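Undergrad: In case it helps, TrEMBL gives these features for our protein:
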type	residues	note
DOMAIN	8-202	domain 'Peptidase M12A'
BINDING	H100, H104, H110	Zn(2+) binding site
ACT_SITE	E101	active site
REGION	209-244	region 'Disordered'
DOMAIN	249-288	domain 'ShKT'
Amino acid sequence: MQMWTLDRPLLPQTQTFSNYVVPYEVSPSIGSRGRSAISAAVRDFEQSTCIRLRPSNRYPGQPRLFLYPGGGCSSPVGRMSNRQQVSLASGCWQKGTVIHEILHSLGFWHEQSRPDRDSHVRINYGNIYRGMGYNFNKLSRQQVNSRNSPYDIGSVMHYNSYAFSSNRQATITDLQGRTLRTQRNGFSREDIKQLNAMYGCRTTGTGGGGTGTGGGGTGTGGGGTGTGGGGTGTGGGGTGTGGGTGGTCRDENAMCARWAGSGECQKNPRYMLKSCCLSCKSGGGGTCTDASTNCPAWARAGECRRNPG
């Protein structure tokens, strides 16, 4: 049986639907909610792709993913080690986030890192927090192979419109300046097509999130980048929600735990200590403050419950 071979050429005789087994190990420290999210992600891979995620105890000595509750949500891009660490802190325990991180390990970069991204979206650098611009770097065609897949705003790997916003204005829009309808629920159709093409599957699968523009809303944050190298493909960042924190130390963004785990509380305290108070307080240190003078009013209006981040 062909095992997880992203780092080697695919042979024609191995390109069958069931030939790609990726063993995985779940840390005992991941709670029941995290295990449920992992199981749901495993089922989605099974239903839509040729990737078969299997418990590693069935494949002793084989390369595997090690899913553990690290300091955030992160994974290398492509297979980089025989016990590849995929960090899933408690804030990452949703099916779409688990799919996102596993796709990084399978070779997917962030979607807005594609070399053709400027033909589809506009990056508003003036709205990005100082020191966070590297998250919007564009990769070369030598680094990314999109398998002839069109640019996909609905990819589970795409940043939302307010990723790393310093002023509650959009950091990514369409070419007409409208906010993007991104999602973090699960595979888009193009995610499935691209993954199956990358691994030589004989089926393209169906399902996934939608694409489009004109949606959005307000908020800050989103995204975060994968680490490591190797592998080909495309990928995308995370989504985030806005809303004030009132007098309570909270995270304004679903990616705060990941950023804190990668040291952003120390590297970018101006943004992180305000917008990712909870993650920085629990793992990165620092003093919690509201990110906006509107926070008390938002809190009184119930936004802490409706938009907890």
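Cβ coordinates come from backbone N, Cα and C, glycine included.
Annotations in TrEMBL come from automatic prediction, not curation.
What you are looking at is a predicted structure, and each value in this text was computed from that prediction instead of being measured.
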Undergrad: Whole-number answer please: how many Å between the C-alpha atoms of H110 (Zn(2+) binding site) and E101 (active site)?
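TA: Given the Cα positions, H110 (Zn(2+) binding site) is 11 Å from E101 (active site).
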Undergrad: Averaged over the domain 'ShKT' (249-288), what pLDDT does the prediction give?
TA: 69
Undergrad: Let me make sure I understand the structure: which of the binding-site residues listed (H100, H104) has the fewest other Cβ atoms within 10 A of its Cβ?
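TA: Across H100, H104, these binding-site residues, the one with fewest Cβ atoms within 10 Å is H104.
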Undergrad: I want to verify one value. Collapsing DSSP to three states, which class is H100 (Zn(2+) binding site)?
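TA: DSSP call for H100 (Zn(2+) binding site): helix.
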Undergrad: Tell me which of the recorded positions E101, H110 sits in the most Cβ-dense spot, judged by other Cβ atoms within 10 Å.
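TA: That would be H110, with the highest Cβ count within 10 Å.
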